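Annotated features in Swiss-Prot:
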BINDING   Ile97, Ser98, Phe129, Pro130, Thr131, Asp132, Thr172, Asp201, His204, Tyr226, Trp256, Thr282  pyridoxal 5'-phosphate binding site
MOD_RES   Lys227  N6-(pyridoxal phosphate)lysine
Amino acid sequence: MKTREEALALDRDDPLAPLREQFALPAGVIYLDGNSLGAQPRAAAARAQQVIGAEWGEGLIRSWNTAGWFALPRRLGDRLAPLIGAADGEVAITDTISINLFKLLAAMLRHQARHAPKRRVIVSERSNFPTDLYIAQGLIAQFDRDYELRLIDDPADLPDALDDETAVAMITHVNYRTGYMHDMPSVTQTVRQAGALMLWDLAHSAGAVPVDLNGALADGAVGCTYKYLNGGPGSPAFVWVPKRHQRAFEQPLSGWWGHRAPFAMQPAFEPDPGIARFLCGTQPIVSMSMVECGLDVFAQTDMHAIRRKSLALTDAFVALVESRCAGQPLKLVTPRAHHQRGSQASFEHPHGYEVMQALIARGVIGDYREPRILRFGFTPLYTRFVDVWDAVETLRDILDTEAWRAPEFATRAAVT
């Protein structure tokens with residue numbers, strides 16, 4: 001792609017192009033931050049009005065039954081399941097990634113303590129998203145026995161970090177900063193052969209790249225719905241537990257929604273035999289209902305078509321940045337190899353924060369991550385090839401004119 005006309009031609013031939021019309025995208029904005037917060041499906045506003053105005057406003061408490069609120073975490077989990085290689089009854093939409101990670105990691109450690117008590121080590125990556133590491137650290141602090149969080153600095157170091165004391169490997173499939181994507185089947189096999197359990201974080205994978213959790217024989221996973229799945233800001237996350245583990249995994253947040261018969265009001269907790277045991281308290285129905293609007297769009301295509309366009313978009317973006325912005329101090333930190341790349345492109349720049357603020361001021365919205373990383377997410381449901389061209393041209397102008405040096409772009413916002 002060497003001209004804007006070529007970009008427009010690619011958009012005309014794009015089989016996913018009609019899906020863009022199902023999103024409410026503001027005029028004059030090129031949105032390359034769907035890896036942080038997905039765009040709003042047009043159906044979301046009407047769905048919110050239905051839930052608030054009709055189901056809550058008129059149905060009141062009856063809507064737990066008549067509008068299907070009570071079954072919503074499991075019903076939407078079944079709708080999400082095909083996107084991550086899961087079966088019906090294996091996914092629940094609930095809580096946040098952090099909370100679900102606490103539940104699932106604790107369940108895995110408890111399982112290992114019963115069957116292999118010597119295994120007290122959690123292996124993860126130092127570059128993992130911080131909340132994953134914080135949750136592991138906080139969980140370890142709750143135990144009265146010696147548990148350890150062992151961090152590796154390179155994916156190639158994983159085999160050497162696994163031993164007969166490893167309980168769980170907790171890995172994020174696509175790295176939030178660089179976009180590096182692990183080989184899920186290979187990593188899972190390595191971990192399981194070492195006798196450990198494999199826990200995947202799919203925050204930057206679900207809805208972005210094809211995932212086959214059951215095919216890989218993974219042991220558990222968590223993920224969010226507000227990024228590529230377009231569920232809305234703060235929309236509930238999800239937890240996946242394969243059926244082979246559901247009865248054996250006991251999570252510690254034993255709230256009433258995880259009880260086998262919540263409305264029996266029994267004084268002793270008896271976990272649900274299925275995925276519902278990973279629920280805890282009353283669910284956020286309004287925000288959870290919005291998740292379905294994003295899933296409705298995914299139902300009109302498949303992950304392989306999304307992946308083909310994702311790779312084409314990121315290939316074009318990287319090539320254009322390196323040609324149109326040649327001579328600028330930009331360093332690609334995202335893998336070039338397709339099998340190692342998620343759906344983002346990240347570049348390091350000495351003044352990355354200021355450059356990103358200048359881009360946002362001109363309507364090109366990406367985001368910034370420490371240290372010095374310009375991060376661009378590509379969401380094939382609504383990102384166009386002409387967006388790629390125009391974004392790079394804006395970046396080139398900002399760098400050539402040093403517009404990023406304006407004082408206002410150095411002011412740090414609370415959210416970057």
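Keep in mind that glycine also has a Cβ here, set from the backbone N, Cα and C atoms.
In the three-state DSSP scheme, Thr172 (pyridoxal 5'-phosphate binding site) falls into the strand class. Less than 8 angstroms from the CB of Phe129 (pyridoxal 5'-phosphate binding site) sit Thr172, Tyr176, Asp201, Ala203, each of them six or more residues away in the same chain. Here the binding-site residues are Thr131, Thr172, and the one with the most other Cβ atoms within 10 Å of its Cβ is Thr172. The two recorded residues, Trp256 (pyridoxal 5'-phosphate binding site) and the residue listed as 'N6-(pyridoxal phosphate)lysine', show a Cα separation of 29 Å. Comparing Ile97 (pyridoxal 5'-phosphate binding site) with the residue listed as 'N6-(pyridoxal phosphate)lysine', their Cα atoms are 12 Å apart once rounded. Cβ environment of Lys227 (N6-(pyridoxal phosphate)lysine): Gly34, Asn35, Ser36, Leu37, Gly38, Ala203, His204, Ala206, Gly207, Ala208, Gly377 lie under 8 Å away, each six or more residues apart in the same chain. Summarising the environment of Trp256 (pyridoxal 5'-phosphate binding site), the number of other Cβ atoms within 10 Å of its Cβ, over all protein chains shown, is 16. Most buried of the binding-site residues Ile97, His204, judged by other Cβ atoms within 10 Å, is His204.
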